[in-house]
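I have placed the structure first, in the form of structure tokens, so that the comments after it can refer back to it.
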Amino acid sequence: MKVSAARLAVILVATALCAPASASPHASDTTPCCFAYIARPLPRAHIKEYFYTSGKCSNPAVVFVTRKNRQVCANPEKKWVREYINSLEMS
């Protein structure tokens, strides 16, 4: 019985020590990162909104959200991406 109580105490202490790490500001960032970009433009009519990926991501990207809630990564340096962003800002 003492062995079980000791193990339980170790588990509880370990859990308590690890809990603050999950509350760090980095853990709350749920913005996805993109590792590849779409090759061709999407139809503009299919896009309802966009957002930029976090600065913590290795590749900068614009994420377009389609009317069906699909997220598509695009290269922010491409002309069509900038034009779509401008169009979305105007509407």
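Glycine is treated like the rest: Cβ placed from N, Cα and C.
Checking the candidates CYS18, CYS33 against Swiss-Prot, the cysteine paired with CYS57 through a disulfide bond is CYS33. Annotation for CYS33 (disulfide bond): spatial neighbours THR53, SER54, LYS56, CYS57, SER58, ASN59, ALA61, criterion Cβ-Cβ under 8 Å with sequence separation of six or more.
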